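Attaching a single structure in C-alpha cells format; questions to follow.
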Ligand SMILES: Cc1cc2nc3c(=O)[nH]c(=O)nc-3n(C[C@H](O)[C@H](O)[C@H](O)COP(=O)(O)OP(=O)(O)OC[C@H]3O[C@@H](n4cnc5c(N)ncnc54)[C@H](O)[C@@H]3O)c2cc1C
Ligand SMILES: Cc1cc2nc3c(=O)[nH]c(=O)nc-3n(C[C@H](O)[C@H](O)[C@H](O)COP(=O)(O)OP(=O)(O)OC[C@H]3O[C@@H](n4cnc5c(N)ncnc54)[C@H](O)[C@@H]3O)c2cc1C
C-alpha cells in the first residue's frame, strides 16, 4: 500500500478527464489521472473516431457505387471488412499513441487501474491511495439497454457493432438517435438491409423537426427502412437471427439487433454517493460551474446531465482545470455547443430549434428562414439535397442554425461563431461567402433574415 | 431605333452585373441588364461552376482508385468523358435556368445584344439606346495569353479545356495560379500526365508561402510535375502535340498546352474611354466605393482591379445597388474576401499572409501559429495532410487564416467571420468545436494563439 | 501563459465591429451584460447619445 499526492486527481481518462489533466498541468498543477482501461476513453476507442472511420469508408463505397453519375467508370465489388478494420484500427492506434505521448510529455502521472472515490480528496486504486486537493470525476458512460432487453449474442450495442467482422445481410436498429442513424447509414452503404425502430415520432428527435423529416426522406430514398412512434416489446434470438416484436404487433426479422437507446452514466459502485455527492438518476449533479455539492469535487463529461458529446466533455475538462486555477472561465451552455450527426446526409445544429426559441422568446418574437440546398451550387455539384434553417429573434440575434445535407457538419464552425457571439444576421450580411461553397448557403440564409435575399449561389 | 429608359442600366450579366440587377430591383429601381451572350457570365458557364463539377468528378475518381485503403473493393476503369460532360452540363443548365427564372420573376428587363457605352447615362445596343440615370459596367474578363503566344489548335485556354471531349495523355499547364492548379488537379485525377510551368518561385504564389510549399509537396506525391521560377519562351505545334521551350533551355512535350496566365479585363472598344472614364492597363479605375471618375457610372467585378472572384463581383454588384439607393453600404476590402482554390488538396485563405501582416503591423507586432492537420482526427480519417495557419496581431485581432488540406474550403466560413469581425483568438478560445471535424483544427490554432493549446483533436 | 487582459473592454466581436462602424469607443462604456460585458444595447445607447440631433444654427 502506497500513497501518492497531487494537486488534482482525475478519475477516468476519457475526453473529459484527459482534457482536464492536460489543461491542469499547463496551469502548473500536479495531476494524477486514474484510468482502468485505455486513455482516450469511449470517444477514441469505441465512439467518435472509429465510427467516423466507418462512415468515411461508407462514403467511399457510396461514391464508388454512384460514380457513373459523375462520369467515373468504377465497379463496386463490395466491402472488405478486414481492410475496413485495419483502416479503422490504424486511425485509432495512431491517435492513441499521440495521446499517450502527449500525456507523458506533459508530465501527467497516469495511474492504471480501477479507481474508487474513498474521500472527497482521495481515490483508491487497488492498494494505493491517490490524494488530491481537488478531485475531478470523469468516469463517462456505457451503452444502455431497455428493461428486459438483454445484450448478448445477436443483440449487440455499439461496442460490438464497431468490431463486427462481417457485414450483416439484414440488421435492425433500436433507436433513431445519433448513434442509431450513424450505424444505419454505415450498414446501408456497406450493403445491408436496415430497419430502424424509434419510439418517438421522428428520427434524430432532438433536432429541428424539418431536419428530422428531411432525414427520413433521405433515408427512404436510400432504402433505409424505419418505423417511428412505435415501441419495442421483445426480442427472441434463434440460430441465424433475431425476431423483434413491437408494441403495435408488428415484427421485424434480422440477423442482428443493435440497441442504441442512449448511454447511461458510469457512477455506480464508485463511492460517489458514500462520499456525499448528490446523484440524480445515476448522473452526478453539479452547479453550472461543474462543482458537485461536495467542496473540491468536480464532475465533467457524460456523467454530467446534458449533451453527451466528446467536445463538451473536453471543454468541461478545460473549464474545471481553469476554475480550480481561479481563472474564472466563461461558461458555454449546452445549447451553444455544436451537434453533428455524421450519417449520410449529415445533420448539424447549434442553438435553439424554432420551437424552443418560440418557447423562450415568444412565438411572435422569433423568425426563421430555411434555405433549400437546391439553390446552392456546390451542393448541387455534390448531388446532395437538404437545407439550412436559421432562427433569429426579431431585431435580435441568431439563436439557432439547423442543417442537413452531405458534408454540412463542417459548416457548423461558422454557425457557432454567429450563435455564440449573438450576432445579428445584419452583422454577417455585408460579408462575402466564397463561391461556390456550401457555406454560401448559410450566407444566403443570413442575408434573407437580414432582409436582403438574393438566392443565386 | 428605339429608346428605353431605366433607373439603372447594367452592361454585362455575369456575377457582378446580375447581382447588381437583383439587388437594385429589390430596392425599387427599374433595371435594364444588357448581355450579349448568356446570363451568368464566366462563372456560371465557363468558370466556377463547370470547373467545380470537374473537380468533384476528379474526387470521385481518386476515391475509387484509392478505395482499398478504406476497405472498399472497387475497380477504377477510367473516365467516361461524355458522362462527365453530361453531368457538368446538367449542373450548369439547371443553375442557368434558375437564374433566368429569377431574373424574369424579379422584373428585370434583359436586353440581349452587345452593348456600348455611348454617354455617361446611355448604352447603345444595335439600334437601341438604353438610358439609365446610373450605369454599372460589368463586362468581366477573358483568358489572357503572353506576348507571342497565340491561342489556337493545341494551345488552349480554360474555355476549351472545360469542353475537351477526351482526357489528354500528357498536358502542359502554363501558370501555377488558381486556374492552372485546378485543371492540373483534374487532369491528373482523370489519368493524365501533367506538367505545370510557373514563372514565379511557387505554385499559388499569392498564398502564404508555407501553403504553396505544402501544395507543391502534395502535387509531387500525386505525380503532378512542375517547373517553378522558369519562364516560357516559345511553343511549336505539330501533328500530335506541342513542344514548349523555356527560357532556361528546357523543353516540355505534351499533347496540349493550357495557357492559364491570368485574366484580362473586357473594356476595349466599349466606349469607356470615350465617355471619359479613367482606364489603367485596361482596368476601370474606381474609388473604394466603386464609383468611376464619371458621375453616375460605377464598375463591378473582374474589370475592377483586385481579386478576380465571382463572390467579389457579386458583392460589389450588391454594394453598388445599395450605394445608388443611398443605403451607405459597408465596404468589404479585398483582403477580407475569402479565397478558395478547389484543387486536391484544397487551399483556402482570408486576410493577410504572415509576410503582409508583418509589413503592415511590424514584424514584432505579429504572431502566427501553424497547426498541422496530422493532429486532427477527421483529417486523419480523410487521409489528408495539410495545415491551418492563423496570423494575429499581438494582443490584437486575427488578421489572416491560411489553410491547405482536403475539404478545407468550407472551413473558410468560420475563418472569415473571425477575420471580418476582427476577433481576438481569446474571443473564440472558450467555444467548443464539434468533434471530430476539421474545423476543430481551426479551433486548436485559435486556442494556441490565445495561449491554451491542447493538441488533441 | 499570457496574462488575462482586463484592459481590453469585454465585448463580442460583432458588437465591437458595430461600435467601430458607429464611431463609438468601447473604452468609455460601462457594460451592462454578464460580468460587465459591453452589449449591443450599450453601444446603441452610446450611439444615440452622440448622434442626438444637433439644433440647426439660426
Ligand atoms: C458509438 C459512439 C459514437 C460517438 N460519436 C461521437 C461523436 O462523433 N462526437 C462526439 O462528440 N461524441 C460522440 N460520442 C460520445 C462521446 O464518445 C462521449 O461523449 C465522450 O466519450 C464522453 O467522454 P467522458 O470523458 O465523459 O467519458 P468516456 O469517454 O466514457 O471516458 C471515461 C473513462 O473513464 C474510465 N473509467 C470509468 N470508470 C473508471 C474507474 N472506476 N476507474 C478508472 N477509470 C474509469 C473509462 O475506462 C473511460 O476511459 C459517441 C459515443 C459512442 C458510443
Ligand atoms: C476557369 C475559371 C474558374 C473560375 N473559378 C472560380 C471560382 O471557383 N470561384 C470564384 O469566385 N471565381 C472563379 N472564377 C472567376 C469568376 O468566374 C469571375 O471572377 C466572375 O465571373 C467575374 O464576374 P463578372 O461579372 O465581373 O464578369 P463575367 O462573369 O465575365 O461576366 C461578364 C458578362 O458581361 C458580358 N459582356 C461583356 N461585354 C459585353 C458587352 N459589350 N455587351 C453585353 N454584354 C457583355 C459577357 O458576355 C459576360 O456574360 C473562375 C474563372 C475561370 C475562368
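Placement of Cβ uses the backbone N, Cα and C atoms for every residue, glycine included.
Keep in mind that TrEMBL annotations are predicted by a computer and have not been checked by a curator.
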Besides A:175, A:176, A:177, A:178, A:179, A:180, A:181, A:182, A:198, which of A:113, A:115, A:249, A:262 does TrEMBL list for that NAD(+) site?
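Among the candidates, TrEMBL records only A:262 at this NAD(+) site.
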Taking DSSP states H, G and I as helix and E and B as strand, how many residues of the domain 'Pyridine nucleotide-disulphide oxidoreductase dimerisation' (A:337-445) are helix, strand and coil?
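Tallying H, G and I as helix, E and B as strand, the rest coil: 43 helix, 31 strand, 35 coil.
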Across the listed FAD-binding residues, A:52, A:115, A:139, A:140, A:141, A:302, what is the farthest Cα to Cα distance, given in whole Å?
30
Is there any among the recorded positions A:48, A:52, A:139, A:175, A:179, A:198 whose Cβ is under 8 Å from chain B, and which ones, in sequence order?
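Near chain B: A:48, A:52.
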Counting distance between Cα atoms, which of the recorded positions A:43, A:48, A:198 is nearest residue A:115 (FAD binding site)?
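Smallest Cα separation from residue A:115 (FAD binding site) among A:43, A:48, A:198: A:43.
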Near ligand 2, meaning Cβ under 6 Å from any of its atoms: which of the recorded positions A:48, A:52, A:139, A:141, A:175, A:435 fit that description?
A:435
Under a three-state reduction of DSSP output, how is residue A:43 (disulfide bond) classified: helix, strand, or coil?
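Where residue A:43 (disulfide bond) sits, the three-state DSSP reduction gives helix.
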Taking 10 A as the limit, how many CB atoms besides its own sit near the CB of residue A:140 (FAD binding site)?
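There are 27 of them.
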Measure from each Cβ of the recorded positions A:43, A:115, A:141, A:181, A:198, A:302 to the atoms of ligand 1 and list the residues where some distance is under 6 Å.
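Listed by sequence, the hits are A:43, A:115, A:141, A:302.
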Looking at the recorded positions A:48, A:140, A:302, A:435, which has the shortest Cα distance to residue A:181 (NAD(+) binding site)?
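Result: the closest of the recorded positions to residue A:181 (NAD(+) binding site) is A:48.
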